[in-house]
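Okay, so here's the structure we're looking at.
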Amino acid sequence: MCELLGICFNKKVNVELSLNSFKHRSEDHPNGWGIAFYPDGFVRVIKEPIKMNEALLAECVRWTKIKSNIFIAHIRKASAGSESYVNTHPFVRKLEDKEIAFAHNGTLLGYEDLELDGYYPIGETDSEYVFCYLLSQIEKREIEWNKEGFDEMLDILLDINYYGAFNCLFSDGEYLFAYKDYRGRRELHFLKRKPPYGRIRLEDEDYIINLGDVKSVREEGFIIATNPLTNEDWKSFENGELMVFKNGEMIYSNKRLTDLELKILKILRESPHRVSLKKIIENLEYLSRNIRHDASVVRIGIRSLLDKGYIKQDSRDTVNWDDLEATFYTKPEKRVEIDKRLKGFRWRRNRIIMS
């Protein structure tokens, strides 16, 4: 099988440390390697149909210390398609004004039943074919990057998953999407990395490093990998789980409460009154030292909490739920569960501002 690596941080970071661990696994994945990143908002792709730990270009990527908020990397053990550049991940296509990079782990059969429209593969792989199908459907359904759009995107991924093992990563340079096979036929893990930073051990080599020596206290974000790369607190995706990350924060999951949602719940629980969307945004900006929250992201969190049944919009409101003046409170029957989930959930700043 192939292996995936995805990175999304709040600031541009150097990928050398994670790539160093990742490349050691290429001995069992000899059919190609590649990396996509967005140093200036536009995608760059470096890939070769050779073993990563024998690739001079891979060493150049490590030592030139390229920086980006988002990275997608892939090492290939071919199950479909020959060893060639066009069959090597990540694949890239333009979707309106977005440049989408995509990588897949798994094997699909009968996927040609999925009808393409406007996007077509150059190579021979199942991966590139279903990437084109994903883009065709996003364009056809006019999917937007919001909670409702992510739900629709999940439906498309589940349709693809019907044809076999399917884990994938894709990004437009602003959002990072990560999906795990609904039958759990491939592993996928994630790590939330945030300060204070300490010593860690790389899983694939006898090497210990103090992250505090190489990381800024302002850096935080998520790393996604097929298998854990370090001895840190990695967690498994749920089967059939889609996660979406932006600016170093998980902003959507169909299987769990995200940190964004927990922050919103904390604001609502610590207020004696209903809280407006505008005030929630202000509090998130005040309470979150490193992560920026624009209104579109906060609306994703609010919509998710409404759909998951944790909060309600006040019946006295005369505006739609997504209006800045809309007000919310936690459902009384959910407050015991919410308080349990918030136990131990801390921010650097603790005082909620309501005036």
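Every residue gets a Cβ built from N, Cα and C, even glycine.
Features reported for this protein in Swiss-Prot:
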| type | residues | note |
| --- | --- | --- |
| ACT_SITE | Cys2 | active site, for GATase activity |
| DOMAIN | 2-248 | domain 'Glutamine amidotransferase type-2' |
Relative to the Cβ position of Cys2 (active site, for GATase activity), how many further Cβ atoms are located within 10 Å?
23
Segment confidence, the domain 'Glutamine amidotransferase type-2' (2-248), expressed as mean pLDDT:
89
Indicate whether Cys2 (active site, for GATase activity) is helix, strand or coil by DSSP.
coil
